[in-house]
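K.L.:
Please read through the structure below; I'll follow up with questions.
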Amino acid sequence: FKGGDTCEYLLSSGRFLGEKVWQPHSCMMHKYKNSEAKNCLIDKHVVFIGDSRIRQLFYSFIKLINPQVKEEGIKHGNIPFEDKSASIKVDFLWYPEVNGSMRQRIKSWTEGSVAKPHIIVVGAATWSIKIHNGSNEALAQYKINITSIAPLLEKLAISSDVYWVLQDPVYEDMLSENRKMITNEKIDAYNEAAVRILNSSSRNSKAKVKVFSVSKLIAQETIMKSADGLHLPESSRDTNAMILMNVYCNKIMKPIDGSCCQPQPPLTLIQKIAFCFFTLSIIGYLIISLIHRNNYRKNKSCTDLESGEEKKPAISTPNISTLEMLLQCFCKLGLIMTYFYLCDRANLFMKENKFYTHSSFFIPIVYILVLGVFYTENTKETKVLNREQTDEWKGWMQLVILIYHISGASTFLPVYMHIRVLVAAYLFQTGYGHFSYFWIKGDFGVYRVCQVLFRLNFLVVVLCIVMDRPYQFYYFVPLVTVWFMIIYATLAVWPQIVQKKANGNCLWHFGLLLKLICLLTCIYFLSYSQGAFEKIFSFWPLSKCFELNGNVYEWWFRWKLDRYVVFHGMLFAFIYLALQKRQMISEGKGDPLFSNRVSNVLLFISIVSFLTYSIWASSCKNKTECNELHPSVSVVQILAFILIRNIPGYVRSVYSSFFAWFGKISLELFICQYHIWLAADTKGILVLIPGYPMFNVLVSTFIFVCVAHEISQITNDLAQIVVPKDNSTLLKRLLCIAGFFSGLHFFSAMQDQSRH
């Protein structure tokens, strides 16, 4: 840890990921769009002073504001640019040498009430080398001139952002005859002089000229692609312009995926209260533990000095109390949340941008597949989608999704479409699992609902408080929560139709099908009526949960993307359980699900369907168009997978305990990855060990999985305490939870008011 000044890293160090993606050391660089650049630079005046290389940087910079600009200005003259819509002025001033003329221009901004530019970018040297044929006298004069200009730049740096661009290396073999005297040795001498002289007299950190040295590193990798050996290729100068934009704009725009030059966000009121709560929990747990330990020592077995026999303690060690269990859970959770905060809110650990390559995605996939197959065991039961099998399914899907996220594979459309099917499969299991429970058990009690809601939402509510993020930010949990409530409402509303009742009269099956048809109709209506959907979720208090950036569009988009798959899961469960009840399927160990002929036909159709979907997904050209078809066709590959996995008896009788272990903590893995495995709210990668990417991934993954497992245990323990089976006690707990959320809303309103 070398301190939190990521601006210094951005301006001085980094490396290429691939050919064109620049990765600054320790932080993430945001790719600014034209609209964002305009919003940042509104009412600003930017000046570039220097030679043809600075002119190149000037053009790349203004193209970030207006991509339509063409490089048609006078080569050896001043070039103005203005964007009247945002009142932005960007000027290039032709001063190819550091001399008296440049000094006079800079001095004019320091005198009187002259309006100073907000950003000044200066750099020159190659003309001095060229005109004076690389003489030592020219270098000596350069040092004298920079010495006279440095105090003026430092004075401007108090109120403006001033950057001195060091000279890029040249590709000597490509230089024309009249530029042969411009050698890298000479350029290094000029750069060394500039670095030594600039800021030498400034003791005030605010009055420092920022040395833009990263351009040298970029040029070292790309100057071979130069057209003349002197000027950088377009991609390299565009990278320099983007770095310049990040240095100035990140602290203004605060992009999530731009951690460079961003200050640490101040603690909110709710975060401070949470910190105090966890601190008190830790202190309380330590006090109770010490008291219990002392009591245990007093009552511990002691040896009779006369007989040498061990006496039994008069009082046995008491079981852990509910209060101690509660404090223990909050103590562990407090330590874990501190780690979350340090990883993704404090500027303590480094963060890097993602960079996708086929090998970074597919090699880990093959690796976990081999591990999964290696840990194969027999299932306890051989029913379709038994507990071990669904845990296994969740596990391997979650591992694939994690690899997808850390490798940045969303940029590769075929992979994106297949991952969308995996997310849909999670929701399919939601429909299948909850429908099966309510249909078979007929348990519509409050206890069951509260248990499910608590287990789904506990971690996310804590993270919303600690990480200062809206509930909708963790979109998957709101999604499964709402779908659970829809399933519950569909089956619990009068008339309640369950398997026991339907067995007595077959007409109840048609009644349930009518309910499912009504549900499908509502889903269809809401998916094509954005206005009606937004009105429903814009009412308070739903709006507090489902708004993101002031509207519910993101929530509508997420819900719409997999709108039919939960219904498909419910329908599949209904058909499967009906077939099972009528003994139309065989679920014995080693037996095929149907007769051999039917099983072979269904297996062939399933394999063809599975491959057909994969071919279609791989041929996708447009993400928007494919997303439109996805809700209707994703069920094809899901059902194909279920049949392939369950029709052969020997396949249905085994499962991977490796994948099943991860499946049991899949929800915690999905949520925890946001902050302690990935970084900047999933936009980047957390770097605990810089310089060793593979070792870093191993260490951060180990910690991440351990934390997810521990949170799963904490959630299960707290669920037993917070959601008891006794109805009167449960009612009291629900009133306490209502009070907690009322207080949270009150403090949130206070926060919003103080921010405004």
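Heads up, the Cβ atoms here are built off N, Cα and C, so glycines get one too.
Positions annotated as domain 'NXPE C-terminal' by TrEMBL: 22-72. For 253-734, the entry in TrEMBL reads domain 'Cas1p 10 TM acyl transferase'. Annotated transmembrane segment per TrEMBL: 269-291, 325-343, 355-375, 396-417, 452-468, 474-494, 506-526, 561-579, 600-617, 659-679, 685-709, 730-750, in sequence order.
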K.L.:
Could you give the residue numbers and ranges of same-chain residues that sit at least 6 residues beyond the transmembrane segment (561-579) on either side and whose C-beta is under 8 angstroms from one of its C-beta atoms?
P.N.:
384-385, 420, 423-425, 427-433, 435-436, 439-440, 479, 483, 486-487, 490, 499, 509, 512-513, 516, 519-520, 523, 526-527, 585, 627, 630-632, 634-635, 638-639, 642
K.L.:
Restricting to the domain 'Cas1p 10 TM acyl transferase' (253-734), report the mean pLDDT as a whole number.
P.N.:
92
K.L.:
Which stretch from 269-291, 452-468, 600-617, 730-750 shares the most C-beta pairs under 8 Å with the transmembrane segment (659-679)?
P.N.:
452-468
K.L.:
Which sequence-distant residues neighbour the transmembrane segment (396-417)? Criterion: at least 6 residues beyond either end, Cβ under 8 Å.
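P.N.:
Apart from its flanks, the transmembrane segment (396-417) reaches 354-358, 360-361, 364-365, 368-369, 372, 423, 425-426, 617-618, 620-621, 623, 626, 630, 656, 659, 662-663, 666, 669-670, 673, 677-678, 682, 685, 697.
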K.L.:
So which residues does the transmembrane segment (269-291) touch in its own chain, when a touch means Cβ under 8 Å and the partner is 6 or more beyond its ends?
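P.N.:
Here the qualifying positions are 323-324, 327-328, 330-331, 333-335, 337-338, 465-466, 468, 744, 747-748, 750-751, 754.
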K.L.:
Quickly jot the same-chain residues contacting the transmembrane segment (600-617) by Cβ under 8 Å, restricted to those at least six beyond its ends, or write none.
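P.N.:
Residues 414, 417-418, 421, 594, 626, 633, 636-637, 639-641, 643-644, 647-648.
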K.L.:
Cβ under 8 Å to the transmembrane segment (325-343), counting only same-chain residues 6 or more beyond its ends: which ones?
P.N.:
274, 277-279, 281-282, 284-286, 288, 349, 462-463, 466-467, 675-676, 679, 686, 703, 707, 710-711, 714, 717-718, 721
K.L.:
Under an 8 Å Cβ to Cβ limit, what residues of the same chain, 6 or more beyond the ends of the transmembrane segment (730-750), are close to it?
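P.N.:
Apart from its flanks, the transmembrane segment (730-750) reaches 269-270, 273, 446-447, 450, 465, 541, 544, 722-724.
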K.L.:
By DSSP, how many residues in the domain 'NXPE C-terminal' (22-72) are helix, how many strand, and how many coil?
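P.N.:
Its residues fall into 22 helix, 9 strand, 20 coil.
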